[in-house]
Amino acid sequence: MPQSQRPLYIPYAGPSLLETPLLNKGSAFSKEERGSFNLTGLLPPRFESIDEQAERAFRQYSCFQTNINKHIYLRAIHDNNETLFFKLVQNNLAEMMPIIYTPTVGDACEQFSDIYRSSRGLFISYEDRFNIDDMLRNATKNKVKVIVVTDGERILGLGDQGIGGMGIPIGKLSLYTACGGISPAHTLPVMLDVGTNNQKLLDDPMYMGARHKRIDQDSYDEFLELFISAVKRRWPNVLLQFEDFAQPNAMPLLQRYKDRICCFNDDIQGTASVTVGTLLAACRSKGSKLSELNVAFVGAGSAGCGIAEQIISQMMNEGLGAEQARSQVFMVDRFGLLTQGMGELRDFQQKLVQSNEAIAEWDIAGEFASLVEVMHGAKPDILIGVSGQAGLFTEKVITAMKSHCEMPIIFPLSNPSRQVEATPSQVINWTQGQVIIATGSPFDPIEYQGKTFPIAQCNNSYIFPGVGLAVVAANISRITDGMLQVASETLAAASPLANGESDELLPPLTSIAQLSRDIAFAIAKVAYKQGLALELTDDELLAKIEHNFWKPEYRQYRRTSL
């Protein structure tokens, strides 16, 4: 009997059952269940299916005029009836993904203390650092398989949001379930509250987080060690995703813990994987290889450098040597092109500097090459923005790029949409429509000279749900670069544009559940070859993936005593 058809034995009854979001069915409780669970009279008399409930919920949702109010409404359903919430989201994924995650989740993080209704997940403050084991035991979910954790310091392109950063793990895990089939019973959002340096929040009487500046680095490192160790004791096989940690901590945390626990940083590795997958699709659509092209970045933080390193790995997979691959990648930060001799660079940036000899023939006015000078000197075929600064891709920059590249690939990826380096409309106009474009935030299609340009959203949700599904289905113990590379390849293989099926660079969101299955399968195969997963035949692996792919369906309940 399929798991969804097996009855669940439930110890709760009456209001306690209705107040348990993972179990509440609302008006869908049958007559027999209402009698068995002391629900008679607590609900309207009509029995409804989940489809009828979802139709009513969508009508209510549609009455809200602003995205933030739609977000608040969906969170209310999430906190009341998780099965209905995910049914509603899956039925309307393209409409609701920008509401439950980027860009609207950015507004929700900024307004967290103002719109707070009820608790979800764990809030672990530095002051409680010696009680973390007890706090993890307080979690209402015993079989946690995926944790998303943040410290709220670098939320999207919005900076330090303190405790408001909790909106990101909640939203991210919603997509693990909606897109990757991870059961909501197995997910846990965690906020590590180490204070905030956002004075506006500290001065806000409604702010719900710890009212002090962020703790010093030694205290921070001690706190993270206590947290990771406690998680390993409680759930030794969990997948831990680091989310929206600031640059000074993001890469060091990943390097410190990647061999101690199954973990990854979505801002670094997930962003890199989806970007490389989208680039591969773009390259194939124009009949070229990534290794044949030059790439320029605006933004040399942990995310940008993470993408660059995966691009270099892909170029090497295509036959280039490491030195040649690195010579084709140009990183621009706020001071200019990363170059030998530039001061105050982090270790991960040092590996991506250009030699002084390589740019000796360039026409450079200042100490370091500007973005426009990089366009003329490097002649990049690809331009990627991960700066978090709006407007950096000016008309002068784009026209300089277009002067040497017939069909440039331009990805302004910064989130939220108000932080984007250039809008799709601007890029299309400045290139006379001769461009392949993808963005980090959702944008409507652009009409230009009688042609419609669909705008691909280079969204990490194409990748991380499949990573989670692979870990859960195949008991993967570590995440490796090879797994993320095969995820990129799987995404590229699904590109309608590269396959000549349509003008869409990335597959539609309606197919993301199947894409997550395909990515999970590919990752699990690599994991087994690397000795990091179960040994399974292809048929066994497919069955495992399907068995673990949760669907928002009500199950029959039977009562048991506590």
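Placed from the backbone N, Cα and C atoms, the Cβ positions cover glycine too.
Note that the coordinates shown come from a computational prediction; the quantities given were computed from them, not determined experimentally.
Annotated active site, proton donor per Swiss-Prot: TYR101, in sequence order, evidence recorded as sequence analysis. A C-beta separation below 8 Å, combined with a sequence spacing of at least six in one chain, links TYR101 (active site, proton donor) to GLY171, LYS172, SER174, LEU175, SER461.
In the three-state DSSP scheme, ASN415 (NAD(+) binding site) is classed as coil. Look at Swiss-Prot and you will find ARG154, ASP267, ASN415 tagged as NAD(+) binding site.
The active site, proton acceptor annotation in Swiss-Prot covers LYS172.
ASP267 (NAD(+) binding site): 26 other CB atoms within 10 A of its CB, across all protein chains. DSSP assigns ASP267 (NAD(+) binding site) to a helical segment in the three-state reduction. Feature annotation from Swiss-Prot assigns divalent metal cation binding site to GLU243, ASP244, ASP267; the stated evidence is sequence analysis.
Taken from Swiss-Prot, the feature site 'Important for activity' covers ASP267.
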Could you name the residues, excluding GLU243, ASP244, ASP267, of the same chain that surround the divalent metal cation site, i.e. Cβ within 8 Å of the Cβ centre of those residues, in sequence order? THR150, ARG154, ILE155, ILE168, PHE242, PHE245, ALA250, ASN265, ASP266
For ASP267 (NAD(+) binding site) and ASP244 (divalent metal cation binding site), the CA-to-CA distance in whole Å is 7
Which residues does ARG154 (NAD(+) binding site) neighbour through Cβ under 8 Å, counting only same-chain ones at least six apart? ASP160, ASP244, PHE245, ALA246, GLN247, ALA250, ASP267
Sparsest-packed among the recorded positions, when each Cβ's other Cβ atoms within 10 Å are tallied, from LYS172, GLU243, ASN415: ASN415
Widest Cα pair spacing in Å over the listed NAD(+) contacts ARG154, ASP267, ASN415 is 11
Name them in sequence order: residues not among ARG154, ASP267, ASN415 whose Cβ is within 8 Å of the mean position of the Cβ atoms defining the NAD(+) site. ILE155, LEU156, GLY157, ASP244, ALA303, GLY388
Tally every other Cβ atom lying within 10 Å of the Cβ atom of ASP244 (divalent metal cation binding site). 24
GLU243 (divalent metal cation binding site) to ASN415 (NAD(+) binding site), Cα to Cα, whole Å, comes out at 14
